[in-house]
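For reference, TrEMBL has these:
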DOMAIN    23-288  domain 'NADH:quinone oxidoreductase/Mrp antiporter transmembrane'
DOMAIN    290-342  domain 'NADH dehydrogenase subunit 2 C-terminal'
TRANSMEM  7-27  transmembrane segment
TRANSMEM  60-81  transmembrane segment
TRANSMEM  93-115  transmembrane segment
TRANSMEM  152-170  transmembrane segment
TRANSMEM  176-196  transmembrane segment
TRANSMEM  203-222  transmembrane segment
TRANSMEM  242-266  transmembrane segment
TRANSMEM  278-304  transmembrane segment
TRANSMEM  324-345  transmembrane segment
Amino acid sequence: MNPQAKLIFTTSLILGTTITISSNHWIMAWTGLEINTLAILPLISKSHHPRAIEAATKYFLVQAAASTLVLFSSMTNAWFTGQWDITQLTHPVSCLILTAAISMKLGLAPFHFWFPEVLQGSPLMTGLLLSTIMKFPPITLLYMTSPSLNPTLLAIMAILSVAMGGWMGLNQTQTRKIMAFSSISHLGWMTIIIIYNPKLTLLNFYLYTIMTAAVFITLNSIKVLNLSTLMTTWTKTPPLNAILLLTLLSLAGLPPLTGFLPKWLIIQELTKQEMAPTAVIISLLSLLSLFFYLRLAYCATITLPPHTTNHMKQWHTNKPVNTSVAVLTTLSLVLLPISPMITAMV
């Protein structure tokens, strides 16, 4: 892609995100979401492969439908209450429509079916943008409207997301689809706590972004798109593969790694809110996700291909590892000991 075009699209992404997260008026928030959608479409379809074009089309249709629902929800609320302020969403029908719209934007179950397909058709770095930056504006809208939303509905959708994200990721062989189901599962954890402690949702999102970015950039640097390729990459950069194992375990939420921190705090908060059964259910369902993270980690470092003759070994490279990989991986592994400081800052 032309560097000037890439610059324009990247700037538009930053602009759209900034407009949405800093606006108080529904129309401005909607404008930011639309700019974001239009800026990411060329980045999805830049390879001109039929699958990429299909992914861009699916993404456009889903996001257009979700934006329409956001607009409809805000107009209904303005009609009944005379308020266009995002924090003043009080009409029950508007709240219900907005919950559906934000769920479609985020890829939260039961509106999650588009996300794995779109991620599978996108390049790895565009997939990283879709999994992290593109989720930030809808999360902020959810954060601002959380006091008005229905807690039971959000809890059901969150549990469903963790279940579907874990269950549907079990049988996947494509790394991008596995990361998509991982994202759906993590969104469930963010959604379940947003009404009781919205700042915890943002902390979870920030840590999820760091860990996902570390995994995506690592996969991009070793050029891995499926599990069979991942099995042969240990010859290329052994240290990076060993670190990938730890980053995946952090994403799974195992102590003493960074990924354990948000899960620990969310379970603690749910218990304080007398929702211990919900905490138990969501913790058990996250074991499904743990299985496919372990599968990825096993393929990355522990196993050798069963038929070595069928696999072309990759040349060992002495190329230095990207600095961003080093920084993000370090953050993905060592933040748990400073959790008191992190919680104090949040």
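For all residues, glycine too, the Cβ spot is worked out from N, Cα and C.
Stretch with the most C-beta contacts under 8 angstroms to the transmembrane segment (203-222), considering only 60-81, 93-115, 152-170, 242-266, 278-304: 242-266. Through the fold, the transmembrane segment (176-196) approaches residues 106-109, 112, 115-116, 119-120, 122, 124, 127, 131, 135, 139, 142-143, 146-147, 149, 151, 154-155, 157-166, 168-169, 204-205, 208, 212, 215-216, 225, 251, 262-263, 266, 269-270, 273, 278, 282, 286, 288-289, 292-293, 296 of its own chain, all at least 6 residues removed from its boundaries and within a Cβ separation under 8 Å.
Between the transmembrane segment (152-170) and the stretches 7-27, 60-81, 93-115, it is 93-115 that has the most C-beta pairs under 8 angstroms. Tertiary proximity for the transmembrane segment (60-81) is limited to same-chain residues at least six positions away from its ends with a CB under 8 Å from its CB atoms, namely 26-27, 29-30, 33-34, 37, 41, 88-91, 93-95, 97-98, 100-102, 104-105, 114, 141.
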